[in-house]
Amino acid sequence: MDRSSPAERFHARYALALQAFAAGLPGDWSTRVHRDGPVSWRTCEPPKRLPRQGWKLHVSASAADALDLLDVVLPALVGAGAAFKLPEDVPSILRINAGLAGRAQVGKIITVYPASDDALAELIDRLDAMWRPARAPAVPSDLPVGSISEALFIRYGEFEPGEVVVDSDGVPRAALRAPDGTLHPDRRDIRGRQPDWAIPPVPPADRPVTTGPDGPIEIDGVAYLPLKLLGADARGFVALCVRPADQRLVVVRHRRRGVEGDEFGDDVVTRLENERRVLDRLRGSGLVPEPLAYDPSAGCLVVSDEGGGRPERLPAQERLDLMPALAAAVARLHARGVVHRDLKLSNVRVGPRGLRLVDLELAAPVGTRRPVPCGTDGHMPPEGLHAAAAPPYDVYGLGSCLAHAVLGHCPGLLPEPGNAGRQIGLLLWHGQRAAAAVVRACHHPDPARRPAADRIAERLREVLPAMRAERAAGPGAYGSPDPRWARRAAMSAGLAARRFTASRRDAHRRPDDCVEYECEGLHSGAAGVVVALATLDTALGTRQFTGDVADAATWLAERPPSPVHGLFTGDAGVAVALALAGARLGRTDLVVAARRRFEHAAASQACGYDLFSGAAGIVFAGCLLDAALGAEWARELAGRQVERIVEAARQAGGLTGWPSDPDPSGPVYLGAAHGTAGVAAALATWGRSTGRTGVAAFADDALRGIATHGLTEDGSTILATTAGEHRVAEHWCHGVTGFLWCLLHARTRDAEVREAAVAAFDQATPFLDNPTMCHGLSGVLETWRMLQALPGHRDRARRRVAHLTGTLRLLRHSQDGDTVWSSDRPSVVTPDLWVGFLGPAVQLALAAAGSADSLLSPRWVRRCARPAR
């Protein structure tokens, strides 16, 4: 008896049909299967050679159309002799149309590579007459074509991997060659913009590919004028609008046909219809927005604007105060016979009329046997997406909402393996015992043993004083460091990095959209891996990674200079890695290669002036190179960039700043990565090490200007830009963490400025964030380690280091038996230094060694460069 589900049987039919099709291809055709990120592709090619670039044809389809696609479209492509690729399995179709391969990739189920523009035009005419699926999603990066079918789209792009350009993050991207011979990034623009010089071979169809509210939205003859875009993703957009007829503020929720479609034709538009039905059922309840209008053909639902804000953006104590009311609202929802099924803080609004539950696309009446099978990681109970709708499902979500309210970090951003246990473990590690007890009850694996929502509301009211007190106190006990675990975890992560090497003498590759290209930079690439592995061996007192360092450095030395010059993204950072490896391994060829790279960078007119990818990074790299080699020549070469930086400085409102790249007319950045703080740190390091006291004093003044004129109104962090924008305080790149990091590197003489930054940094240190250096806890840990060198902060810094080490322990997970950490996105595991798992690894190793040195300080680089013994 076949016990498989209808979906599983559908998947099997597709696999068999595609296998039979491939077996029946003409004998001179080739076919292969490869994986690119979350998608497995099958490529089918005739023997003729393709152009390197040109107009591609994308044939869109929903997963429900997959079998028809094989029967109707593929024979036409083979008959036309056109090369193409399509998903190898149905799950890959689902991932593409869910936006998991990128928002711009939605709808690109078959990609056709025509031999010529004439061949493309003929194919469009043929397919326009035969391929008319009802729920094919539009392709946002493309131009629509065809007079009848709404599933055909074209985009000018690369056909085969070839030339590349390196972006501002140091990541190689596919390049297109313009008629004048210049190279340009092969961009997938979500508004369908194509290169100016690429003329479509057929007229685009007159149908918009909606990605945002470009003008008035009309539903049933009533116009709604967009005021503010509240959110946009692959599914569509949410906009705050005004109804001119009565000046009423409303919210318009738009969903795109075919996106997140399943095997049976349900998608985000059908889910919007589900939300409308639920809102109608709850009309007048005071629990949800009021439905005002609905247009299923346009995929638009209009609801009342409840005003207010989102709980996750409130201060911690205010978030906690809302939790009893949230549980009570969920209890009232259940009393009306409805289960929300996607309960999370981002689906709650707090307005003048109280708390409202929003985004009810997944909601269902109690007892619904086949609810919409979707959900949010970290909030879905173990009974799974296909469980009948029941109140305990929401109680589990309440537990995750409480964990989010206390920790200040969405549980959906935690690694999925053992997510529920991580939530409780993190609460306990941070001394939040009262909240942990409630979360544990909500997360009971047996839904029958979870308390009802009204009981959770009562319990939250009872323990609210204890939760407030524990949250105000912070971690109950910082705990003692466990250097043995830290050393083991760091070593294991270093070993895990080997799996990302395509061959023994290849670069480390990232598992994302640049998978076909090797990356060189410190930020993400082989240079960062060299520095990380050398640091691990130095801090751990081993020689485990000597061969890995040699292989990656040899690969870098054999490559030509890059068109990108920065410390984190290009030649300057590569030169640091090569110099460190050359000195460490006693290899003059690597030192020669380091000098070649650095001379190329130092002589350049680097785009921008910042530390990350501009001139300041070249200056900072010169200091690190000389530290590694015991030389002076690199700082001398960097002097040219120092002159450029000083000459380009501009004063405004008490702030020193530099034009930003790529838009010099835009606001001036102030942070470590791209702004004044990073530039000043580089100038101060260079000036003090060369005896150029004037340059060092100039840098000190720039840093003092940030402390005086570049803070937020409450003084909690620095402004990200002179336009008043501010980012997450604890992030290295644009927050107070990076500002203090720069002050410590600059060895500022202004104790008042430094102490104020330390106080702000202490307040900004979060309970939880992602594990990375650039945007997460490893950058925070680095800065606390550096503070161990200051006598007045040594004890507190050591306690903070111990506690952050423990938090990283709770964020680790295993990949093929080795310890790794996720990147900014929980699903991405990459060995990069600044955005990958080698960042946490080196910080743990340095913490276990008791080091107060910054990873990129001249002192630490000098130590790493000592000959390996």
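Each residue, glycine too, has its Cβ placed from N, Cα and C.
If you check TrEMBL, you get these features:
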| type | residues | note |
| --- | --- | --- |
| BINDING | C733, C774, H775 | Zn(2+) binding site |
| COMPBIAS | 183-194 | compositional bias 'Basic and acidic residues' |
| DOMAIN | 224-464 | domain 'Protein kinase' |
| REGION | 176-209 | region 'Disordered' |
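The structure, with features from TrEMBL marked on it.
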residue: C733; record: Zn(2+) binding site; CB count, 10 Å: 23
residue: C774; record: Zn(2+) binding site; CB count, 10 Å: 26
residue: H775; record: Zn(2+) binding site; CB count, 10 Å: 22
Counting by DSSP secondary structure, give me helix, strand and coil numbers for the compositional bias 'Basic and acidic residues' (183-194).
0 helix, 3 strand, 9 coil
Non-site residues, in chain order, whose CB comes within 8 A of the mean position of the CB atoms of C733, C774, H775 at Zn(2+):
A673, H731, W732, H734, T772, M773, G776, G779, D824, W834, V835
Return one of helix, strand or coil for C774 (Zn(2+) binding site), based on DSSP.
coil
Reduce the DSSP letter at C733 (Zn(2+) binding site) to three states and note it down.
coil
